[in-house]
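Let me begin by presenting the structure, written as structure tokens, before commenting on it.
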Amino acid sequence: MKTEFGFSNLVGTIFSKGNLVFTPDGFSILSPVGNRVSVYNLKDNTSYTFPFENHKNISHIALSPTSTLLLSVDEEGRCILCNFLRRSVLHYFNFKSPVGAIEFSPNGKFFAVSLGKLIQVWRTPNSLEEREFAPFVLHREYTGHFDDIVSISWSADSRFFISTSKDLTARLHSVDPIEGFHPCALTGHKNTVVSGFFSKDQQTIYTVSKDGALFVWKYSPLFQAGEVIDEEAEENKTRTHIWLIKERHYFNQNSKLRCAAFHPTSNLLVVGFSSGLFGIYELPSFTMLYQLSITQSNIDTLTVNSTGDWIAIGSSKLGQLLVWEWQSESYVLKQQSHYDALSTLQYSSDGQRIITGADDGKIKVWDMNSGFCIVTFTQHTSAVSGLCFSKRGNVLFSSSLDGSVRAWDLIRYRNFRTFTAPSRVQFSCIAVDPSGEIVCAGSQDSFEIFMWSVQTGQLLETLAGHEGPVSSLSFNSSGSLLASGSWDKTVRIWDIFSRSGIVEPLPIPSDVLSLAFHPDGKEVCVASLDGQLTFWNVQEGKQTSLIDGRKDLSGGRRFDDARTAENSSLNKTFTSICYSADGSCVLSAGTSKYVCLYDIITGVLIKKFQLSKNESLQGVQEMLNSRKMTEAGSIELIDTQGEESDLEDRIDRTLPGARRGDLSARKTRPEIICHGVQFSPSGGAFAAATTEGLMIYSLYNDFLFDPINLDMDITPSTTLTMCAEGEFLISLVMALRLNEYKVVQKVYESIPITDVEHVVQELPVSYLANFMGYLSSFAAETPHIEFHLRWMKSVLTYHGEYLRRKNFEFASQLTSLQKSIVVLSKRLSQLSSNNEFQLSFLLDKMHLRLENTA
């Protein structure tokens with residue numbers, strides 16, 4: 001199997017902290033998710049996440065007006081400049097101080113960044129005008145504020161900008177010195193000035209403060225100021241105008257104003273409050289157009305798209321991201337992350353959806369094509385401990401610590417069956433037989449396994465024998481054997497349909513944390529507390545091999561660790577394992593920042609994937625900074641929330657003894673942990689449920705250059721030349737040896753349909769797996785339905801016997817072909833239904849007209 005997996009997308013986390021940014025076309029929105037940036041296309045209903053990572057959680061992002069450059073800045077001021085279209089990093093830069101705000105100028109030539117009390121304006125990298133060796137060139141620095149700057153707003157002509165600060169003032173600056181212009185301070189607010197904006201004609205400035213006050217400033221002649229500015233006029237006779245407060249407005253809300261956004265073209269002001277309320281006002285009349293409460297927590301950021309129709313709202317506490325169309329009063333996007341950590345995940349049988357369960361008791365269904373949450377189930381009242389699909393994939397089973405096992409219909413999105421035990425127990429794991437008729441759940445209280453009938457909902461049997469909490473359950477492929485692992489250091493294989501109740505336990509050196517059956521059902525892999533993976537022959541009850549993965553998990557230190565990263569493997573274990581589709585490899589993850597892929601036959605580590613480089617999480621850094629260690633411990637763990645300026649931020653709502661959730665320590669640094677890992681049914685991707693969300697890793701066929709038996713005379717040009725000369729088989733083999741996606745597609749589509757059977761019949765089997773992978777991709781992307789089906793039929797006809805004998809080796813390719821056929825079937829059936837309805841409508845119209853004429 002291929003192992004060139006790379007980061008593909010991050011779902012499950014919609015918004016973490018920072019600011020939201022619309023693209024200039026107004027159809028896509030950029031959202032910071034931890035130390036990454038996700039892009040949600042609201043028009044095409046798709047999403048993706050940039051592959052680069054900041055050192056820590058992102059605090060600010062900015063997009064150039066041409067949508068070519070993206071700046072992302074983390075909490076410590078480290079900046080990444082990337083090409084937005086190519087998704088590639090261009091430059092790393094360190095501002096050496098936390099950034100309060102960063103904004104591109106409307107003409108795209110500059111960007112302004114606030115560093116404490118200081119503002120720096122930098123030239124935007126541009127290779128067309130002034131070629132510079134340095135990516136960032138400092139243009140000017142601006143001072144004048146006496147406290148941290150919180151926002152920057154540019155004028156439409158990019159000549160001026162407004163900065164607002166915690167010193168209760170806003171200041172007006174010019175990018176370049178202008179004759180007759182003097183930087184001025186706009187004073188009068190009684191609290192932090194949150195934002196300042198220019199009107200469309202730039203003759204009016206609006207400033208909004210944290211206490212809910214809106215000041216309207218007008219550019220007035222100096223003589224109207226009277227005697228107050230006579231002394232200043234004598235000192236500087238070049239000043240002829242001054243900014244004066246013309247109007248004062250108040251929002252009169254019993255909460256703090258958190259953020260504001262202004263759309264100059266339509267004169268719309270949008271404000272968000274700490275109570276979860278946001279309002280839309282028309283300026284300069286200060287007419288309230290709309291007011292709505294969307295959440296019970298703070299609104300942290302607001303932004304308006306280029307047309308002024310859509311308003312994006314972000315709340316970091318609940319992980320909410322909303323896009324509201326205020327004219328139609330409807331949601332364009334409404335997504336929310338899990339409130340607590342992910343605990344489990346499960347792929348659907350077609351690989352189109354991933355279901356996640358979390359400690360908040362919610363189950364979310366995520367669409368892999370769009371990256372959005374389709375539905376959320378909230379019936380569980382405690383943490384979700386396990387998820388499992390039936391064979392058909394339309395029924396989902398979940399277990400929870402609330403003592404219930406629930407069956408969900410994923411067509412109607414409802415809970416149609418609930419299974420409970422005779423006594424109150426907490427279920428820690430779940431398994432469903434391949435037929436979908438029997439569901440089993442393990443208990444961590446009574447150490448028993450409960451078995452129910454899905455059709456009747458009745459408890460069939462209780463399997464007893466374990467002497468510790470049952471940690472994992474798994475059925476084999478035939479459904480006759482059930483494997484159970486427990487903390488009592490044993491694995492038991494239950495033949496649930498036999499009359500004999502004798503079960504011989506398999507001894508494990510340490511507590512069992514997870515187990516999984518091989519796809520052929522003859523082998524079981526067990527992960528234990530000592531970091532080992534043991535493989536057992538189920539029929540003989542003998543251990544066949546062992547992999548010690550503790551050293552592979554080592555790396556990363558907690559902020560209070562006294563051990564080095566190399567010696568930090570004592571508490572690192574595998575908590576989730578999964579076989580590949582062909583059964584040749586096993587994927588394992590646990591209490592570490594790594595996901596390990598092992599070859600079963602040799603027991604060798606093939607590849608190790610690092611889940612995150614976010615140093616805001618514990619267990620990521622290899623080296624700790626001794627300067628951050630104090631007598632009270634690490635600075636990273638010291639609670640500074642009591643020093644906040646607002647009363648609602650200083651209130652201590654913690655509960656003594658709470659280690660997780662909202663009532664735990666006010667300043668928490670979560671640890672990077674993978675709670676679950678699973679391959680997709682096709683084997684072309686795998687998903688990991690981590691602290692930062694649901695991470696998807698897939699094979700990059702479009703960018704992968706993996707030549708097979710490459711010769712000097714095999715090039716794209718010679719390959720296409722051979723195809724043009726009619727040597728279709730030779731050109732196809734050459735394209736597969738090059739393994740370039742575009743070349744293979746060009747040759748594939750150039751072969752006449754009459755020659756398909758001949759080409760497939762003579763195709764060497766060594767290229768069959770690679771070609772089937774390309775065939776499934778072409779069928780899902782291009783509209784040549786009959787052409788693709790002819791290829792698939794020929795492959796299965798002439799190589800069917802070989803595929804049957806090597807079914808485990810080609811399991812992922814066959815699953816991908818089946819998935820492509822389902823996509824083609826849905827596409828064709830929808831088109832046929834539409835045509836049928838249109839023809840029926842036209843015939844009815846014709847009959848009606850004939851009846852009227854008669």
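Keep in mind that glycine also has a Cβ here, set from the backbone N, Cα and C atoms.
What you are looking at is a predicted structure, and each value in this text was computed from that prediction instead of being measured.
Residues or ranges marked as phosphothreonine in Swiss-Prot (evidence: experimental evidence): THR640. Residues or ranges marked as phosphoserine in Swiss-Prot (evidence: experimental evidence): SER645. Feature annotation from Swiss-Prot assigns repeat 'WD 1' to 9-52. What Swiss-Prot records for 53-93 is repeat 'WD 2'. What Swiss-Prot lists as repeat 'WD 3' is 94-132. What Swiss-Prot records for 144-183 is repeat 'WD 4'. Taken from Swiss-Prot, the feature repeat 'WD 5' covers 188-227. What Swiss-Prot lists as repeat 'WD 6' is 252-291. Here Swiss-Prot flags 294-334 as repeat 'WD 7'. What Swiss-Prot lists as repeat 'WD 8' is 337-376. Residues annotated as repeat 'WD 10' in Swiss-Prot: 422-464. What Swiss-Prot records for 465-504 is repeat 'WD 11'. According to Swiss-Prot, the feature repeat 'WD 12' maps to 507-546. According to Swiss-Prot, the feature repeat 'WD 14' maps to 668-709.
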Legend entry - Spatial neighbours of the repeat 'WD 2' (53-93) far in sequence, C-beta under 8 Å, 6+ residues away: 16-19, 21, 23-25, 30, 32, 34-37, 99, 101-104, 106-108, 111, 113, 115, 124-125, 135-136, 612-616
Inset, instruction - Give the one range among 9-52, 94-132, 144-183, 465-504 whose Cβ atoms make the most pairs under 8 Å with those of the repeat 'WD 8' (337-376). - result: 9-52
Inset, instruction - Return the stretch with the most CB pairs under 8 A relative to the repeat 'WD 7' (294-334), choosing among 9-52, 94-132, 465-504. - result: 9-52
Inset, instruction - Please spell out the DSSP helix, strand and coil residue counts for the repeat 'WD 8' (337-376). - result: 0 helix, 21 strand, 19 coil
